[in-house]
Amino acid sequence: MQTFNADIAIIGAGGAGLRAAIAAAEANPQLKIALISKVYPMRSHTVAAEGGSAAVTQAHDSYDFHFNDTVSGGDWLCEQDVVDYFVEHCPTEMTQLELWGCPWSRKEDGSVNVRRFGGMKIERTWFAADKTGFHMLHTLFQTSLKYPQIQRFDEHFVLDILVDEGHARGVVAINMMEGTKVQIRANAVIMATGGAGRVYRFNTNGGIVTGDGMGIALRHGVPLRDMEFVQYHPTGLPGSGILMTEGCRGEGGILVNKDGYRYLQDYGLGPETPLGKPENKYMELGPRDKVSQAFWHEWRAGRTIKTHRGDVVHLDLRHLGAKKLHERLPFICELAKAYVGVDPVNEPIPVRPTAHYTMGGIETNQRTETRIKGLFAVGECSSVGLHGANRLGSNSLAELVVFGRLAGEEAVRRAQEATPANASALDAQTRDIEDNLKKLMNQKGSENWAQIRDEMGEAMEEGCGIYRTPELMQKTIDKLTELKERFKHVEIKDTSSVFNTDLLYKIELGFGLDVAECMAHSAFNRKESRGAHQRLDEGCTERDDVNFLKHTLAFYNPEGAPRLEYSDVKITKSAPAKRVYGGEATAQDKQNKEKANG
């Protein structure tokens, strides 16, 4: 067992983790920062984000507009003080990224270009062609290399955190390259481990997005908040989970059913907009939850297109022309050709909704700290209260840098004021973690982790998908209970120590099962329809602000189902109202202007 001493340990080296590391290094250059990642940083899932990052930049836009779009898009389950902080700090972070070298796309006059994104009243999504996540991550990674106090632990798998008298004090990890164990002591720990999309069978997430950080925090008594809200992205490639960015629709792409009809006009997002002239909050630029739900209704009505990869609709970009597609969406053209054999210049792309984003996560306060002193969470693994019941596209990349910076600065404050830890207590915890690992390694049985993982994914798709019924949710809950019992009998066939993926996948599955249970139980007990959580049973098809304008808190229960509690939503200036888009939104805006003008 190797021991390293640091001041701050950051788990995850994607956009949020790197931004936190840079912020901490700048806030106090004397502190040592351990940056721990399962993969080389440029392989983090942030790299897969294509569309863009939101920030007010145009004269006719405002923080209030961005606030209102976010709160309405989240179906009023957002913490409104958090949203205020977020929208006010987005422009600063986008500008900072540019100063560090992020190549934002430009207009002809040299100003930053912005594109339309779903649910946004005004175009405010900064982008770097259709590889925004890649360029942001590359910029952050390059910048982090300037700080010698940031020590990277690439290809290290975190098993658990160390907690002494209610204060986070470090982590224990496996060095995958050598097969050795590592204890990293610190006075503050930041979780930046990404979401949990891999608990679903079909998803847009990278293989490392398995809910590890959520599972670790959960087992230490930190609740997972609002886990029932899982976003389906409307335009994933069938079978692969590869995403066709929302930027396709922001540039003017359209969705049509088997009859070539732009069906979104029938679901509160119309009237139909002119071809190639997208309008904010209309049609294809509605919020993701509503666009995905429209697909489900078209499928039920028999108006989707049958393919060997399942039912799809068509994303048609042909009217945009080859020049625009190759300038603005070059990567999309490559992906469509590679994965479905379609050239978007000449043919429509088959797409269907795919599990994409976890709105819920590790509960934090507005400063990103959890209930454990010195333990912070940021990015998709966290629930700071920004996204509510449905995230707006391009708010997540901005969240990484806005709250990544905040988490880094707050961790510095905690690390500086910390008193010395009890070293013997940390060593005792480390031995317990090693003992638990040996038990996992030596477990005997006939079960296979891959089979259990596949069954978990299928169960989550069936019971916790776009639309939900109590019968199917209960079926999923029962299945997860069965799978957790079978998990106790998973035998590891690989006894080697170096890159033992058999062992690591088993550990990931254990975290995933815990997280999936929180999702399923939270969904079953939210007896209303809000945002990405939509129920079909009588009495639960509408939003219920009287009983469920509340956050769900799921607590770990080692003996069985998670224990659920509820907490109030912080509302500062936007009272819950009907979500409106398309022509109804335009009419509402007109009414509001008339009232304001007397």
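Just so you know, glycine gets a Cβ as well, placed from its N, Cα and C.
What Swiss-Prot says about this protein:
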type	residues	note
ACT_SITE	His233	active site
ACT_SITE	Arg249	active site
BINDING	12-16, 36-38, 44-52, 156-158, Asp212, 356-357, Glu380, 391-397	FAD binding site
MOD_RES	His45	tele-8alpha-FAD histidine
REGION	577-598	region 'Disordered'
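Per DSSP, the region 'Disordered' (577-598) is made up of 15 helix, 0 strand, 7 coil. The Cβ of His233 (active site) has Thr204, Leu243, Glu246, Arg288, Ser292, Pro353, Thr354, His356, Tyr357 as same-chain neighbours under 8 Å, each 6 or more residues away in sequence. DSSP assigns Arg391 (FAD binding site) to coil in the three-state reduction, outside any helix or strand. It is 33 Å from the Cα atom of Asp212 (FAD binding site) to that of Arg249 (active site). The two recorded residues Gly12 (FAD binding site) and Arg249 (active site) have their Cα atoms spaced 31 Å from each other. Straight-line distance linking the Cα atoms of the residue listed as 'tele-8alpha-FAD histidine' and Ala16 (FAD binding site), rounded to a whole number, equals 11 Å. A separation of roughly 17 Å, to the nearest angstrom, links the Cα atoms of Asn395 (FAD binding site) and Arg249 (active site). In sequence order, Gly133, Thr204, Asn205, Gly206, Leu243 make up the list of same-chain residues 6 or more apart from Ala48 (FAD binding site) whose Cβ falls under 8 Å from its Cβ. Around the Cβ of Arg249 (active site), the same chain contributes Arg116, Gly118, Thr235, Leu255, Pro278, Glu284, Leu285, Leu315, each under 8 angstroms and 6 or more positions distant in sequence. Sequence-distant contacts of Ala16 (FAD binding site), defined by Cβ-Cβ distance under 8 angstroms and a gap of at least six in the same chain, are Thr46, Ala192, Val378, Gly379, Glu380, Glu399, Leu400, Val401, Phe403, Gly404, Ala407.
The Cβ of Gly52 (FAD binding site) has 33 other Cβ atoms within 10 Å, all protein chains considered.
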